[in-house]
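Enquirer: Okay, here's the structure, questions in a sec.
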Amino acid sequence: MAIQTVATSPIPGQRPGTSGLRKKVSAFQQPHYLENFVQGVFDTLGAAAGQTLVLGGDGRYHNRAAIQVILKMAAAHGFARVLLGQGGILSTPAASCVIRKHGALGGIILSASHNPGGPEGDFGIKYNGANGGPAPEALTEAIYQRTLALAEYRISDAPDIDIDSRGTRTVDAMPVEVIDPVADYAQLMEQLFDFAAIRRLFAGGFTMCFDAMHAVSGPYARAILEGMLGAPAGSVINGQPLEDFGGLHPDPNPVNAEQLIALMAAPGAPGFGAASDGDADRNMIVGRSFEVAPSDSLAVLAANAGVAPGYAGGLAGIARSMPTSRAADRVADALGIPCYETPTGWKYFGTLLDAGKATLCGEESYGTGSNHIREKDGLWAVLFWLNLLAVRGGSVRDIVSAHWQRFGRHYYSRHDYEAIDPDAARRLMQDLRIKLANLPGQNMNHYQVQSADDFEYTDPVDGSHASQQGIRIMMTDGSRIVYRLSGTGTEGATLRVYLERYEADPAQHHIPTQQALAGLIAIADSVASIAMHTGRSNPTVIT
Ligand code: G6P
Ligand code: ZN
């Protein structure tokens, strides 16, 4: 066995997006495509001697082949060892946990998150650093620049190894420890939440349904919910990870998780429902005929954090992405702690978590998490809710309604226009930017514009700066319209329009969301001329 130096040339377009490099499987199957990117990562990281690398993915199509390639490249670069999830499986949160716990240099996670899988679907690769979090922008940009200058990559010609049974084996003398992908993560969850109380809840007859959508959360959910906590067998549905997610779209929203939504609306529905995405970092929380908006979920958890032993000492601060509703800000105010507003992308929470400024973080895109790792964490949110239900009693609806009574309700919705022409999308945003200065003071549909801008962010910890992070139109009554282009899509461009309206009066808290937001929706369309630019009269997805 020997280390081969293979001649290659730069492949354009390997710039990581919001969360790693995501392309069609067919792109990754091109000769040298994966190898070039991994070489870019290893070159940028520098010395591997003495270092541990964590490796695993969400089990989607191409995961297993990519793992063999990366193992051989890691061996060629002199890593001291690789910790590999059994079967090539590691959820994104579990990978973050393993990196931190075992003092690794970092980890490579193979996932295109919530994007569809299978031979015709998407594949992805991302690098997380020693803190367990996504590589910061400066690092991903350096990796990208490096991919543009490659002339060769290094790889061992060792044979493929068995990745399906636990134990240590070698690739060209480099030890690969095939580990239980669930154990470290489950142990961490047990430290954070009151497992005894949740066990009592289930023992008392409480029922739930967790929809793993045939993605990577299945083994974690079965082991923890059904195994450790005693949820009835069958509480986890679609629990077997499949390479094509069984044809499901593993993005937990009411549209994609229709089986769960229907179950939760049927007679005899379980007391609690939840779903997670491809790599298990997202979560959706559902009560009986009641969907919890992700922005509300963050606010509710923050207001009740004391129920969980891991957070009983109080929160240092809360952080949310800019388009996420300001429900969490009200909780932070009441608690007398800061609430940070960051650009979209979990990576922006990393510095705040590392510096101890924020304890809980959340995004409207079904992401919630804390300082326990450096990724959002789907099952963590589910356990937090179970802990809350176990301690507080009542239903999901009761808990959220009581929260609104106390803090007021932020009606919230996101309208997505998917797969639109990228040039048309850019023109729409450009035209909006030009209009911004004239908007303040204008009256529209009973609203008056207070201010309008293009969100910019300076990181309070490291001073790094991000501009053009979303156009905001703020109304005098606290309502908001935000426009952004998605950084995670792989087909054309996706325009996201985020709508938020604050309602203090409890008598007005139970209006259907789209009805409550109708006035803002009409303004959003007319100000940005969405129909004209996109040729679409309706969004493709409403969450
Ligand atoms: C990923 C990231 C999130 C982000 C989401 C939506 O899940 O980890 O941090 O909020 O994508 O991103 P997008 O750019 O598509 O709105
Ligand atoms: Zn994900």
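Each residue, glycine too, has its Cβ placed from N, Cα and C.
Predicted automatically and left uncurated, TrEMBL annotations should be read as such.
As listed in TrEMBL for this protein:
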type	residues	note
REGION	1-21	region 'Disordered'
DOMAIN	14-152	domain 'Alpha-D-phosphohexomutase alpha/beta/alpha'
DOMAIN	184-286	domain 'Alpha-D-phosphohexomutase alpha/beta/alpha'
DOMAIN	295-407	domain 'Alpha-D-phosphohexomutase alpha/beta/alpha'
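Mind running through what each feature is packed against?
Expert: Confidence in the domain 'Alpha-D-phosphohexomutase alpha/beta/alpha' (295-407), given as mean pLDDT, stands at 97.
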Enquirer: For the region 'Disordered' (1-21), give me same-chain residues lying six or more residues beyond its boundaries with a C-beta closer than 8 angstroms to one of its C-beta atoms, as numbers and ranges.
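Expert: Distant contacts of the region 'Disordered' (1-21): 30, 32-33, 35-37, 39-40, 75-76, 109, 111, 113, 124-127, 134-135, 140-141, 143-144, 147-158, 172, 344-347, 486-488.
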Enquirer: Can you break down the domain 'Alpha-D-phosphohexomutase alpha/beta/alpha' (295-407) into helix, strand and coil residue counts using DSSP?
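Expert: The breakdown for the domain 'Alpha-D-phosphohexomutase alpha/beta/alpha' (295-407) reads 60 helix, 16 strand, 37 coil.
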